[in-house]
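Participant: First, the structure itself, so that you have it in front of you.
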Amino acid sequence: MGTYDVKELKSAGIMKQKGKDLFSLRLRIVGGYVTANQLPKLAEIATRFGKGHIHLTARQGIEIPSIHFAEIETVKSELAKVDLDLGACGPRVRTVTACQGSLCSHGLIDSQSIARKIDKVFFGRGGLPHKFKIGVTGCPNACLKPLENDLGITGIVEKEFVEEDCNPCGLCVEVCPAKALRMEKERLVYEKKKSVLCGECILICPFGAWVRKRTGYRIYVGGKMGKWPVLGYSSGEFFGSEDELVHLIQKALEFYREKGKEGERFRETIDRTGLEKLKEKIGEGI
């Protein structure tokens, strides 16, 4: 087999593995969403060109191992028949991950739709000091682990209490995970500073006394796993449109590109330059 540039191939999601001229192909699976129509094609490719199996990655991706270099273009053509293409590696924005969002009874935002929107704008964007991972989770239960991402997004809800509609049954007090609610002399007391803005009280109230005021996002920055794992910093709460959220991410990437050193993860850039500097940047134009 002729020579090939392993680094260049890896940047396109084609990763060299053990074995002569064998590669593992990483697919672009946004939010872990795979259709029933795509599954048989994946099985066919793994059987025809690989070793009869696929690998599910920690970030909701799919890798097809043991593909011979000579078959890569054919495999790419087969994937395209079911609207699948390859992912990305290296110093660029990776495929966006997401929970099921609006399908979940606790979901406050449509994390799947938001992930697709973010991925469409930023996937594969290079010129960065290192990899950049984005995750979207539908509520503060944080099933998608937003704090492990370079930029994590959590759905939150700001609520209003309509006291005249309240028949003080205490159900919301029982379900509040942050203990932000309590009963005093048959009246409900809400300590807003304690709230994690999860909206469980809205779901449980049988009288409609808790009302959704507006939906927003809690933004985390600088999380990462690997040899030296750290959880992300909270950069605050953001109540804006999805387009404004995309703008916020754009500003975060600009900050990383401008301030980051080669080989430096986003967390290291933040720690070196200061979280407040990043907050100033991502607040521009919003």
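Glycine residues also receive a Cβ, built from the backbone N, Cα and C atoms like all the rest.
Summarising the annotation, TrEMBL assigns domain '4Fe-4S ferredoxin-type' to 157-186, 187-215.
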Participant: Cβ under 8 Å to the domain '4Fe-4S ferredoxin-type' (157-186), counting only same-chain residues 6 or more beyond its ends: which ones?
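Facilitator: Here the qualifying positions are 108, 192-216, 239.
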Participant: Report the mean pLDDT of the predicted model across the domain '4Fe-4S ferredoxin-type' (187-215), rounded to a whole number.
Facilitator: 96
Participant: Please spell out the DSSP helix, strand and coil residue counts for the domain '4Fe-4S ferredoxin-type' (187-215).
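Facilitator: In the domain '4Fe-4S ferredoxin-type' (187-215), the DSSP-based counts are 8 helix, 10 strand, 11 coil.
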